[in-house]
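According to TrEMBL, the features are:
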DOMAIN    A:9-73  domain 'MrpA C-terminal/MbhD'
TRANSMEM  A:26-42  transmembrane segment
TRANSMEM  A:49-66  transmembrane segment
TRANSMEM  A:86-110  transmembrane segment
TRANSMEM  A:148-166  transmembrane segment
DOMAIN    A:184-289  domain 'Na+/H+ antiporter MnhB subunit-related protein'
TRANSMEM  A:186-204  transmembrane segment
TRANSMEM  A:210-227  transmembrane segment
TRANSMEM  A:239-261  transmembrane segment
TRANSMEM  A:273-297  transmembrane segment
């Protein structure tokens, strides 16, 4: 009953996101969609994903999108759609949709016959991985390569984002919330967020939680700090920031090659110390990923000053 | 034992009903400030009742503390959201400034 | 029928809706939203299909977890790019999508696709 | 007891759907933001109920994270979006 209702709501909300006439409505619908996704992950027995989705879908993504909307003020019309191409595009979309639907239906009707029973494999080897939580074990022991490269991908995204940052600093023009109530609340909310992030990091070894969820919460804390107009300590030390950005990947690589020295494989943890190594890597990843996600938010230029419209300057009124 | 179960059921159901009523309030009230009123009621009471109803069922006391913390967080968040949104409403619709006295 | 089936189907619907929206929308942020919907749909199909046969499975869950984090990074990067593009050109769409004669001057589509309060 | 939990969960889900309608219908930006806030709180309540129902204590952590971050969207909205519409608070396109 709950499942049917939720599963039915999901495409409806998606439809709402796509059909909303006004962009702001689409974005708020999308935030609601993220929250629904968190509930769906709960019902799919994936609390780790629910945690990540709650922090990212309901927290970070919403802020990023609202922030971007505030920036694209005096919206320029995207122009008249290509009327001549529209029927063609619609047909293309319909054909694509139909084909995908057929493929999915086929996949459902013909159940997978996997040659390896993955859950059984995970259960078999989890003893040796050094952690008790299967998802963490997969992330940092069985498929550590994937995780390593994922962090590298995010680092590349941040490098691109930072490279595109505006050279002129109009941070002064940034509109910030100045409310005594907000400041007062943040003085205990932010430490609490940090605490929760560390808690998530710690319990990741035996329960749902871990580096990614902790990093998302920590990044949300940094973003909130920024939104309320506070300066980050060390913000003006680019070297410090960069060290933080690559710190996670560096620690991962460094600890991963420890076994190489003794003739082992890359990213194989020493048997006795596997748990400690994983915790170390996760801690470094948490702080580093939080900084990376925050840097992507920060890389977005501040909204233009009032009366200083974008360079082309021919905004419609 | 029966009495406790009955009490829990009562708390949970009334909490859920409060959520429903509050959401209806958000749907039916005519202007933004009164909708804020509905919103804060729901957070404070609905969630509070549900947390109270769930408390006897938890196994360890730290879990109970966590749940109460969640409730406090939700209250603080809704109060702050109401405060910020009211300020925004006032700023952009000066004609309504007199309607909302309590912030 | 088990618990996971409706969500798998919903995931499929999301992929289809998202792709259609991605093709038909012109505003870049709307395209980004549509793309994100497609991504969520993919995640749902992945986890749902994998758990269809064998019950709760940590491997696709871990993969999707990294996927979610990469997706938010990609979204953030895309937003940086969109803003940069907007600052440089004043457009929120790609020039290929706009009919040439309408690129300058008053645009009849204003407010229709954007709904901007003026 | 399980019955009561299920009924409460369903009621909350219903409230969630109604809130969704408010997000869709607006009419003002502030209303949408408020509805999104309420959406979050309802989600927290739902998660707490599900934690008990599904015997998954980890879901309380999800509820905790959700409650912690619920305020973020509203703060971002007030900080960044609001200056965009000096002219009117309504969206004008809702009806």
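Using the three backbone atoms N, Cα and C, a Cβ is placed for every residue, glycine included.
Counting Cβ pairs under 8 Å that are 6 or more residues apart, the transmembrane segment (A:239-261) and the transmembrane segment (A:148-166) reach 3 or more and are in contact. Helix, strand and coil residue tallies for the domain 'Na+/H+ antiporter MnhB subunit-related protein' (A:184-289), in that order: 76 helix, 0 strand, 30 coil [DSSP].
Within its own chain, the transmembrane segment (A:210-227) has Cβ neighbours under 8 Å at 48, 51-52, 55-56, 59-60, 63, 133, 135-136, 139-140, 176-177, 186, 189-190, 193-194, 196-198, 200-201, 204, 281-283, 285-294, 297-298, counting only residues six or more beyond its boundaries. Between the transmembrane segment (A:49-66) and the transmembrane segment (A:26-42) there are at least 3 Cβ pairs closer than 8 Å, counting only pairs 6 or more residues apart in sequence, which means the two stretches are in contact.
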